[in-house]
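Visitor: Here it is, the structure, as structure tokens.
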């Protein structure tokens with residue numbers, strides 16, 4: 001009897017369990033049929049996430065496609081733009097258009113700190129009136145240049161010229177951007193603050209067809225002179241290091257690789273500081289095969305091309321340092337990024353001088369320069385031409401500030417608005433340490449332009465933070481990102497040290513006006 005009851009109970013339990021399972025399945029089927037299609041496709045999940053406070057733009061809500069794109073963007077921008085595929089760029093462009101569309105719908109746009117900076121009164125101090133004697137280069141009126149009326153971008157001369165003034169001179173509007181840049185150079189600036197020519201010139205550097213590539217003579221490392229169809233020329237500095245590689249602490253001063261991104265960053269930083277003494281520079285991807293090897297007339301350069309075991313096109317040129325197969329420049333497979341800097345007028349057409357900075361390093365492995373041993377060295381400099389009169393010493397101290405912010409001193413100077421002609425390429429090599437010896441001219445002379453000091457104070461405020469301004473400026477370059485975040489943050493730290501050095505001078509000065517030299521006067 002007991003066995004029969006146990007068997008009966010087990011049968012009823014099994015039937016009940018099967019019935020419950022069937023009932024649960026039936027409930028799920030009914031719910032699935034009753035819910036709308038949108039909810040079946042994760043719409044409910046999104047609503048649930050939003051109900052828990054997850055913002056709509058969160059990666060949690062993003063589909064796998066968008067998440068993958070974000071990862072690719074971060075990876076391609078870490079060291080080099082060479083890994084950016086055209087497909088990725090297209091998707092990024094679509095995202096940018098969508099972002100602009102959203103801004104248009106909401107009526108809200110992000111405030112540009114750069115635009116606000118350049119509208120500030122300190123960036124609207126007029127320069128003295130420029131005379132013909134103040135200009136570096138003047139076009140020869142006997143030479144007649146013009147654009148082809150056919151619409152070609154080539155700029156021709158003499159008999160082919162068509163746009164001439166009644167006087168026989170060529171109309172200024174027909175000049176290519178590079179020539180307009182040359183004409184505008186004067187003793188106070190290489191280009192105006194709001195130069196409408198600048199976007200065109202930078203675009204030409206990045207996109208103009210290259211018709212000739214030859215190695216620049218002299219120098220310690222490889223550089224190329226690129227020529228465009230409109231006779232413009234640019235100095236091409238190829239990529240040798242990734243952006244996150246720091247200079248080893250034990251490297252001697254001239255032992256580091258030159259950095260292509262340093263020149264790009266230096267141009268924008270110089271503009272933000274309102275010195276405007278570094279020629280315009282743009283990043284560019286160059287095809288080693290089509291834009292260098294196949295068109296070069298430089299026989300020495302041509303002999304240095306080879307195909308690496310990885311199948312990449314490489315070359316190394318001839319120079320004093322790092323020009324060998326061990327230091328070859330290789331494309332991927334033939335694409336190589338670098339900086340394109342606008343060249344100054346030829347010295348035969350625009351005569352100028354260059355001289356060593358009094359605070360130049362000895363570059364001797366065991367001997368120090370005089371300024372490193374004599375704390376009163378500035379008194380000697382003030383009695384030495386050309387620093388014994390005018391604003392030349394104060395201009396040099398401006399460049400000292402620029403050098404310190406970049407982390408590399410410059411030794412050679414040109415007299416075109418006291419333009420640095422050496423040292424820029426090796427800048428931005430370190431971010432974790434500051435070379436305080438670069439500030440020696442400022443610390444020993446205890447003098448700085450009042451306008452420069454006020455601008456530096458402005459760039460230390462949250463509204464005009466230097467790192468934010470440079471980040472915004474560099475974002476427009478074709479090879480962005482140009483600097484890593486640690487380098488940008490180092491600028492703010494170094495700016496604080498410059499202001500501290502001036503503050504120390506002011507604290508010990510009997511006459512503060514000798515520390516802050518008034519260069520503004522009635523022009524403010």
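Backbone N, Cα and C define each Cβ position, glycine as well.
Note that the structure is predicted; figures quoted are calculated from it, not measured.
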Visitor: Out of 46-77, 78-109, 110-141, let me know the one TrEMBL marks region 'Disordered'.
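Guide: Result: 78-109 is the stretch TrEMBL calls region 'Disordered'.
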Visitor: Given the binding-site residues 341, 342, and counting only Cβ atoms in the protein chains shown, which has the most within 10 Å of its Cβ?
Guide: 341
Visitor: Other than its own, how many Cβ atoms are within 10 Å of the Cβ belonging to residue 258 (ATP binding site)?
Guide: 24
Visitor: Taking 10 A as the limit, how many CB atoms besides its own sit near the CB of residue 344 (ATP binding site)?
Guide: 22
Visitor: Using a Cβ cut-off under 8 Å and a sequence separation of 6 or more, which residues in the same chain sit near residue 343 (ATP binding site)?
Guide: 178, 225, 233, 234, 235, 279
